[in-house]
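The following features are taken from TrEMBL:
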type	residues	note
DOMAIN	30-423	domain 'Amino acid transporter transmembrane'
TRANSMEM	33-54	transmembrane segment
TRANSMEM	60-79	transmembrane segment
TRANSMEM	122-143	transmembrane segment
TRANSMEM	150-169	transmembrane segment
TRANSMEM	175-198	transmembrane segment
TRANSMEM	256-279	transmembrane segment
TRANSMEM	299-324	transmembrane segment
TRANSMEM	345-364	transmembrane segment
TRANSMEM	370-391	transmembrane segment
TRANSMEM	403-427	transmembrane segment
Amino acid sequence: MGEEKEVISHVITTPPFEVEVPKTLHQIGQDSWFQVGLVLTTTVNCAYALGYAGTIMVPLGWIGGVTGMVLSTIISLYASTLMAKIHQYGEKRHIRYRDLAGFMYGYRAYAIVWGLQYANLFLINIGFIILGGQALKAFYLLFREDHEMKLPYFIIIAGLACVFFAVSVPHLSALGVWMAVSTFLSIVYFSIAFALCLKDGINAPPRDYSIPGSSSSRTFTTIGAAASLVFVYNTGMIPEIQATVRAPVVDNMLKALYFQFTIGAVPVHAVTYMGYWAYGSKSSSYLLYNVSGPVWLRGLANIAAFFQSIITLHIFASPTYEYLDTKYRISGSVLAFRNLSFRTVVRGGYLAITIFLSALLPFLGDFMSFTGAISTIPLTFILPNHMYIVAMRKQISSLQKSWHWFNIVFFSCLAVAALVAAVRLIAMDSKTYHAFADL
């Protein structure tokens, strides 16, 4: 687990506010840029990517979808590098997003960012448990068609697997070899999905690529798809991930980001476009529902997606685990009885709430849009631009400041529009599907 760290608090003063920031008990500054790059790439090439053909390409079509995916890649890289460059603002290292916000703006911003980030990560974790349940259900239906096992049952199984993993892996840096496992699993399901989509596309009759829905409903689905585009590449936890990289922290984080947005971005683009090409407007929010081919091959892809979702959820849950471990002074041996029991009860309790809500409202596409609207857009586009203005106000020109203010206004408007669209979509699906629905 690395060198143990004593919990010491220091006070950040931004008149008239004072923000107490505890030092972490998790491992900091130990990982290579390549391992951090794999963590970032895992968040991009997670099994969520198997849904982008349905949740992004179907509402936007070829022109809008491809343009949106490319622009999302470029803009997300730009916003992420802004955050990476101000990681050591004020000649100190800010290992949490809320710490940086508190240092710049005071306690109110500290609390707001904390709330936004944890809401963001909680909703993302709900999505991963739903996704794990869908993968297990798809695997089950390959061998049995009796539908006795419903989606909520598979969501519970997926959630319990996440609890076991959360107890076993104490912190983000401890993932280590699991990053290699995650990369291998991603290659498995992406390769199988790509190959089967290619086969189906070659053998299928002409597809319908028209954007479904009435003109009014298309407006909302387009806005919702735009929010999903924001979600594709962004974690809302760049400072927490950057906290694990060794010095020089800015240069190494930039290397990790360039890796994520170049080599790491290829699979998600490839499988998204191939899936939409093969199935058109019938592309589902989980691409492996569409594909045909050998049962064993589809089963392997679904199992790979299931296990990869468990690993990725742990990444997005790590800021919550870090807060709890630090607050209750959980340090020392990973296998110590107190530490094991704490992780079992506390992390298990957190995930139990997540499992319940996942089974209650298993609308995966809706959660992507809603998460993007209320938290991902503010955390990954609005705040980074304003923070960069504050941090670099003496180094940047008036024209550069105007550019950042334009981004702030534009993405603020997009966030409001996306929130309205997401709430409408959830309301409509809530009428169509009952609680604990078997989707």
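Placed from the backbone N, Cα and C atoms, the Cβ positions cover glycine too.
By the Cβ criterion (under 8 Å, sequence separation of 6 or more), the transmembrane segment (256-279) is in contact with the transmembrane segment (60-79), since 3+ such pairs are found. Contact between the transmembrane segment (370-391) and the transmembrane segment (299-324) is not supported: fewer than 3 Cβ pairs lie under 8 Å, counting only residues 6 or more apart in sequence. For the transmembrane segment (299-324), the neighbouring stretch richest in Cβ pairs under 8 Å, chosen from 60-79, 122-143, 345-364, is 122-143. Sequence-distant contacts of the transmembrane segment (150-169) (same chain, at least 6 residues past either end, Cβ-Cβ under 8 Å): 128-130, 132-137, 140, 175, 178, 306, 309-311, 313-314, 317, 321, 340, 343-344, 347-348, 351-352, 354-355, 358-359, 362, 436-439.
Long-range Cβ contacts of the transmembrane segment (122-143) within its own chain (Cβ-Cβ under 8 Å, at least 6 residues beyond either end) map to 46-48, 51, 149, 151-152, 154-159, 161-162, 236, 286, 288-289, 295, 298-299, 302-303, 305-306, 309-310, 312-313, 316-317, 320, 351, 354-355, 357-359, 362, 364, 367-368, 370-371, 375, 439.
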